[in-house]
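The domain 'G-protein coupled receptors family 1 profile' annotation in TrEMBL covers 33-284. The transmembrane segment annotation in TrEMBL covers 20-41, 53-78, 84-112, 133-160, 192-218, 230-252, 264-286.
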Amino acid sequence: PPYFLLVGIPGLEKEQFWIAFPFCIMYAIAVLGNITLLLIIKTEPSLHEPMYLFLAMLAFTDLVLSTSMLPKVLGIFWLGSGEIGFLSCLAQLFFIHTFSSVESGMLMAMALDRYMAICHPLRHSSILSVPAVVALGSLVLVRGVLLVSPFCFLLCRLPFCQHHVISHSYCEHMAVVKLACGDTRVNVMYGLFAAFIVTGSDVILISVSYTMILRVVMRLSSREAQLKSFSTCTSHVCVILAFYVPALFTFLTHRFGKSIPPHVHIMVANLYLLVPPMLNPIVYGVRNKKLWERVV
């Protein structure tokens with residue numbers, strides 16, 4: 001079709017105007033926080049270390065991820081402009097899913113960095129050198145591009161039979177696939193494959209990393225050091241859960257959650273792209289003493 005029509009949040013059309021205000025506030029915090037992080041890390045040579053380079057990559061990813069969806073969402077909620085061209089829809093879909101994959105990869109890379117720093121401190125700088133960090137970040141980006149690109153090609157081959165109303169506030173892969181009137185089994189199976197490749201591998205590595213970190217922390221003789229390490233790990237795990245839980249909820253609801261109200265599903269799908277970009281600079285930045293000193 002020449003265009004699709006995004007409805008916003010099905011069932012909450014009258015409330016969308018007011019829902020847009022907290023969305024806008026979260027986006028403003030995300031943009032301000034992540035741009036501040038990028039500027040501080042770029043201008044301060046002492047922060048050109050693996051942890052802060054990964055944090056800069058995460059901040060850039062958060063900016064792209066939230067900006068890929070929120071301007072159009074605000075246009076729907078405030079102006080009623082739900083129409084989006086077919087190619088524009090594919091572009092939005094590509095950026096949202098690619099950088100969701102990159103976000104997952106960055107969280108995994110940061111967990112590995114913490115594991116190396118705490119469990120193997122003497123080998124940390126030699127293994128995670130700056131070139132190694134850049135290479136790992138590039139691999140995460142390439143993985144996202146290679147896994148998501150087939151989504152667009154597979155959608156282009158589908159007939160849509162004049163079905164062009166998307167019950168969503170942005171172009172999400174399965175929401176678009178549901179409009180097709182042809183055989184969508186390949187799209188559904190590939191979507192499952194890509195999601196489990198990204199989420200499965202990253203969640204396993206993150207879980208193993210933090211399990212090993214906690215084992216080392218439990219052996220610390222100082223009670224104060226244990227509490228400080230637990231506090232840091234807990235805040236990081238909360239950010240990780242804030243990304244993965246809504247992502248898995250959205251992904252599984254498309255396929256198995258027939259009884260879940262559409263407005264609940266779409267609201268969670270929106271928050272999943274806004275809450276982590278807002279939380280990441282607060283948890284990883286404000287709680288980091290070295291970064292905070294540069295701000296004040």
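Count begins at 1; order follows the chain as displayed.
Just so you know, glycine gets a Cβ as well, placed from its N, Cα and C.
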Same-chain residue ranges lying at least 6 outside the transmembrane segment (53-78) that approach it to Cβ under 8 Å = 6-8, 16-17, 19-20, 23-24, 27, 30-31, 33-35, 37-38, 41-42, 84, 92, 95-96, 99-100, 102-103, 106-107, 109-110, 113, 130, 133-134, 137, 169-170, 270, 273-274, 276-277, 280-281, 284-285
Long-range CB partners for the transmembrane segment (20-41) (under 8 A, at least six residues beyond its ends), listed in sequence order, are 47-48, 52-53, 55-56, 59-60, 62-63, 66-67, 70, 73-74, 77-78, 270, 274-275, 277-278, 280-282, 284-285, 291, 294-295
For the transmembrane segment (84-112), find every same-chain residue at least 6 residues outside the stretch whose CB is under 8 Å from a CB in it, and list them.
-> 1-6, 51, 54-55, 57-58, 61-62, 64-65, 68-69, 72, 133, 136-137, 139-141, 143-145, 147-149, 151-152, 155-156, 166, 170-173, 176, 194, 198-199, 201-202, 205-206, 209-210, 236, 239-240, 243-244, 247, 273, 276, 284
Whole-number mean of pLDDT values that fall within the domain 'G-protein coupled receptors family 1 profile' (33-284) = 87
